[in-house]
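As recorded in TrEMBL:
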- 15-282: domain 'CN hydrolase' (DOMAIN)
- GLU55: active site, proton acceptor (ACT_SITE)
- LYS155: active site, proton donor (ACT_SITE)
- CYS188: active site, nucleophile (ACT_SITE)
Amino acid sequence: YVAAVYEHESILSPAPTAPVERRSALELMGRNLDIYEQQVLAAARQGAQIIVFPEDGIHGFNFTRSSIYPYLDFVPHSYSGKWNPCREPYLFNDTEVVQRLSCMALRNRIFLVANLGTKQPCARSDPRCPPDGRFQFNTNVALGADGALLATYRKHNLYFEDAFDTPPEPDYAVFDTPFAGKFGMFTCFDILFFEPAVNLIRQYNLKQIVYPTAWMNQLPLLSAVEFQQAFATAFRVNILAANIHHPTLGMTGSGIYTPVKSFIYHNMESYGGKLIVAEIPVVTADYKTNLEKTPGRVSEKGREQSPPSFYAEMMYDNFTFVPVWGEKGELQVCANTLCCYLSYRRAVLTDELYALGVFDGLHTVHGTYYVQACALVKCGGLSFSTCGQEVTDATAVIDFQLWGNMSTPYIFPLLLTSGITLDYADHMGWKNNYYFLSKNRTSSGLLTAALYGRWYEKD
């Protein structure tokens, strides 16, 4: 099927915390919706059957709970499938934004997924009802090619979003299409948690995901395109990921991903939005990762010759590293119960420092979640203290096999190359109790090769 995602540089309110009237809130959102309108038309002309827009794309961000209120639509949560906002605009009040989105879908005969702020009044007698008498949600809507509201999803894992409430229960949002079957949806930070993202995919056996996000890139392990690809690979799903475009805030990185191929956009230099349209196969059967060719040896040799280990901060976590020196070698580094192993050979020796790092613990900055990671990274400079820094360019082409005795089945294989481009492993998967990732000759200089494990039970 043909899918489209739009990385949108949103027109932002100059003073998001200042109170405004609904009229001026609609005026600002209307300017973003004008751009959406052009992009839906452009995507439809290229044959797209579905288009996805980013999180916060219509209203922007940095609001307070009260200042965002004029920007919120009323979208009935349990009404999915029974309401066509374009054809029945008078059914509910304050639905101007969802009406426009519905009409775009209808006019262009395209499925459309967008993110907006919504409100829902609640009874004071409800113990969960906020003091102002309403819930405010960060919401995705999926609209059919006829404009009907097919599904709503209220973001569960909020990322410092004071304006919004967490829904009482996680939403499992699924909608059906004639061209690719069922799609599931979740938003941004949700991708790192079991609820609802992983549970949704498992319960509904989903193969297609739509994913609006407003993601701040964090190298070396959580760049948007890097993690989006890893998620598609780990769960063997297609992901249509639309990010916001604000390079000054470190926000870029969208794509259309299959388990074996991706069409991505990552651009920290230029301004303006970007439409990606790609034809991808409907994933039906599970892709099998080929493990038979992976040598299942866990070398004891690495032990005596491992160079000295050192500590450095990476992604706000205290990693234990060993330097990756010389043209080839075998290394091991351990922390808690996790041991990481690397067998490597460099095509040409360059004057770049690489290190093999391990972390097995609770990550506590900008969110709390348990990580088990084995990571081969290029350091920022030649001293040990630069390992873990954000690096975007590399020249070293390395053949490697990386493996670890991970305690969780949820491993996201990361493979990032120079200029924030993606590569695919030759082999990956489990052998005995080790997860392996191997690659002969990266397509360009290696930035990161990592096994990013999420041990959800220990969050």
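Cβ coordinates come from backbone N, Cα and C, glycine included.
Note: the CA-CA distance between CYS188 (active site, nucleophile) and GLU55 (active site, proton acceptor) rounds to 7 Å.
In the predicted structure, the domain 'CN hydrolase' (15-282) carries a mean pLDDT of 97. The Cβ neighbour count for CYS188 (active site, nucleophile), using a 10 Å radius and every protein chain shown, is 26. The Cβ of LYS155 (active site, proton donor) has GLU55, PHE137, ASN138, THR139, ASN140, GLU161, PHE164, PHE186, THR187, CYS188, PHE189, ASP190 as same-chain neighbours under 8 Å, each 6 or more residues away in sequence.
For the residue listed as 'active site, proton acceptor', the Cβ neighbour count at a 10 Å cut-off comes to 26, with all displayed protein chains included.
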